[in-house]
Amino acid sequence: MQSPDTVHYSLVPFHFIWEIIHSRSIVWPQPSTYVRVLKDSVLLQAAFNFLLLLPFGVYLRYFFQHRGNWKKALGLGFALSLFYETTQITGIYGIYNCPYRIFDVDDLILNSTGALFGFIIAPVILALFPSRRNLIAKAEKMQESPLVPPMPQLLAVLVDYLLIKISWTLTLGLFSTSEFAEFLYTTILFVILFAVVPFYWGGKTIGTHILRFNLTTLDGGTPPWPSFLKRSFALYLPLAASWLLRFFNGIELDMDSKLYPYHVWISVAAIAFLFMMWVILVIHVTVVLFKKGKRNFYFDDVANLVPRKNNV
């Protein structure tokens, strides 16, 4: 139970700045202590609140398209933040008999500012993703092209990957058991087989050649080398992330080490991230299989590539 005089709100704007300035971790006459502010809990909480609605601002820019709608983005960011704060101070609207977190005006300011900042920088982020117009055009081109069933596409990737593993086993794998050496070898061969080979072979890898299809642009032309590089990166990213987690977990630290708690938390976060990533990939593959070729796999989609049957 909370005491009757518990304060459930903070209505002083920018109070977090005052808390940072008066933090005990910083001795202002000693500049060497200034770096401690980066680990200060008040600053970290403020940074999190700023970043919380930044993705929401990016989505609003994608939705509104025009930068002149920044006032709407700021207002919607404020409204969403106010919803959060109201939910907290009312104890989820009466479910709990007291607030489970204070109503903080700084949270409103930081959340709203983060949404506005996301709206402003959205073009930089959205440049990495296809626009709605491009998605519609891509869907139309996909309908016009001869469909390649998704299963042969997966088998082609599997064939190329198995070639990499077999080549390691029959060459350097005979003389080395180093995981780092295998990781480096696999990375180099991945780029060669999935980027270099199709660029010089008319959009075909060894796997796609066996399964009788090749990779083209939306218009049916020969893709440029960056497209193949993007595809190889998209394919290799899940595997590389799993390798890096294995390397990181292989680091042994004494439990008395100051770095040990960070090692544990980073490991937990990385495992959770990888678990979610592989779950999403399994769902994605399942959806594409059920669509029977009417939807691209993510690795072809990000590279703007279309699998097309070879002319026989």
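Quick reminder: no glycine exception, Cβ is built from N, Cα and C everywhere.
Note that the structure is predicted; figures quoted are calculated from it, not measured.
Among the features that TrEMBL reports, domain 'VanZ-like' is placed at 8-125.
Under the heading domain 'RDD', TrEMBL lists 154-297. Mean pLDDT of the predicted structure over the domain 'RDD' (154-297): 84.
Packing against the transmembrane segment (42-64) from elsewhere in the chain are residues 16, 19-20, 23, 72-73, 76-77, 80-81, 106-107, 110-123, 125-126: each is 6 or more residues past its ends and has a CB under 8 Å from a CB in it. What TrEMBL records for 42-64 (among others) is transmembrane segment.
Per TrEMBL, transmembrane segment is recorded for 76-96 (among others).
Taking Cβ pairs closer than 8 Å, the transmembrane segment (108-129) reaches residues 13-14, 16, 46, 49-58, 60-62, 67, 70, 73-74, 76-78, 80-82, 84-85 in its own chain, all 6 or more past its ends. Summarising the annotation, TrEMBL assigns transmembrane segment to 108-129 (among others).
What TrEMBL lists as transmembrane segment is 150-171 (among others).
According to TrEMBL, the feature transmembrane segment maps to 183-202 (among others).
Taken from TrEMBL, the feature transmembrane segment covers 263-290 (among others).
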Do any residues of this chain, six or more beyond the ends of the transmembrane segment (183-202), have a C-beta under 8 angstroms from a C-beta of it, and if so which?
160, 163-165, 167-168, 172, 208-209, 214-215, 222-223, 225, 228-229, 231-232, 235-236, 239-240, 243, 247
